[in-house]
Amino acid sequence: METLTVALGDRSYPIHVGRALVDRADLLMPLLQQAKVAIVTNSTVAPLYLPRLRDSLQRAGLEVVAIILPDGEQFKNWQTLNSIFDLLLERRCERSTTLIALGGGVVGDMTGFAAACFQRGMPFMQVPTTLLAQVDSSVGGKTAINHPLGKNMIGAFHQPRLVLADTDTLNTLPDRELRAGLAEVIKYGLIRDLAFLEWLEANLDLLLSREPTALAEAICRSCRNKAEVVVADEREMGERALLNLGHTFGHAIETGVGYGDWLHGEAIAVGMMMAAELSAHLGWIDGRALARVERLFRRAGLPVCGPTLAVERYLELMQHDKKVQGGKLRLVLLRQLGQAVVTDTAPVVEIRKAIAERSPHG
Ligand code: NAD
Ligand code: GLY
């Protein structure tokens, strides 16, 4: 097991990465405030991992409440969130009960938001079971639900007390989900870690075949990158926005086609291609660098071209982006491979062109 720390003073927390961690109640116990926890999971993950996590916690003497949500991005909404509150109240959970998110980013984001709101804030922990959640969404304290007009529009910053990334859980993950997770892994290379990008180019086939050592290394290097950014800029006043490479375009795809149709990782892969295309139009990266990015996404089995969605619809949806300031669109682009920047200077005509070039019949 490897342990990293998100160093946020008295809110610092460990990220443990390793095998068979869902059985390790001992890692959670010292961080609990009372002998009761509520596990939030979904109908797909529950049959796979809930019994093991619950048994290990019960063996350690804890009372365990289980809350099982429907599975899917389309359920990341008020109604599902409210069903968590209903159960917490019915089962007499308290402010010092700890919520444990067991699942992918959807479960993690909703559980974190529920924890931020319930009785004005309760502790929570992340037990991520998708690659995407292990490398990104479980770390950093962004929690949210979707609104019909925009992705992750309603939420809060609320840091977990612990992240337990059990790499064995990835063995049951469908291939398409593994590939979607790789999009966020590649993101770290593109925005701030050229050496990692080169490592990914060399080791992608091992990751696709789920070779455990390579997967663990990719998870640790991703989490180290994320932790450094979060520590430097927890509330996204500056540098943290770089973690949103491709997200302004990608969120528009997710909202535009309907939540759940495109996986988050797929949508942001296309978003990153649009950002790279635009960076090339602005003369920041050259054609060879652009081709290199495209080659990596293609090798990872990720889409490099978006759905049928009008350019005007993209622009309309992108206006809801959380980086918009004073009505002005701010985008994360590539100054070079391994170095992203936030800019509001990209001309709209170039933005339109980049979207069109990465759209069907573009
Ligand atoms: P997800 O949570 O929908 O999980 C993907 C699918 O895999 C689901 O069907 C899930 O039930 C299933 N699954 C989960 N673990 C499994 C396992 N071990 N074996 C088999 N099936 C398993 O999707 P995701 O890609 O994990 O997360 C995407 C979400 O994360 C989006 O809502 C996105 O907005 C959010 N996100 C948040 C942050 C953040 O910082 N908070 C960062 C990135 C993404
Ligand atoms: N996934 C973006 C962030 O955590 O800031």
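Backbone N, Cα and C define each Cβ position, glycine as well.
The annotation in TrEMBL ties HIS247, HIS264 to Zn(2+), and of the candidates under consideration, GLU184, GLU198, GLU312, GLU316, the one tied to the same site is GLU184. Of all the binding-site residues listed here (THR169, THR172), the one with the fewest other CB atoms within 10 A of its own CB is THR172. Note: the Cα of GLU184 (Zn(2+) binding site) and the Cα of THR130 (NAD(+) binding site) are spaced 12 Å from each other. Highlighted here are the binding-site residues (GLN74, GLY105, HIS247, HIS264) whose C-beta falls below 6 Å from ligand 1: GLY105, HIS264, in sequence order.
Each of the binding-site residues HIS247, HIS264 was scored by how many other Cβ atoms lie within 10 Å of its Cβ, and the smallest score goes to HIS247. The most densely surrounded of the binding-site residues ASP71, GLU184 is GLU184 (count of other Cβ atoms within 10 A of its Cβ).
Within 8 Å of the centroid defined by the CB atoms of GLU184, HIS247, HIS264, the record's Zn(2+) site, lie the Cβ atoms of LEU132, ASP136, ALA183, LYS187, GLY246, GLY250, GLY265, ALA267, ILE268, GLY271, excluding the listed residues themselves.
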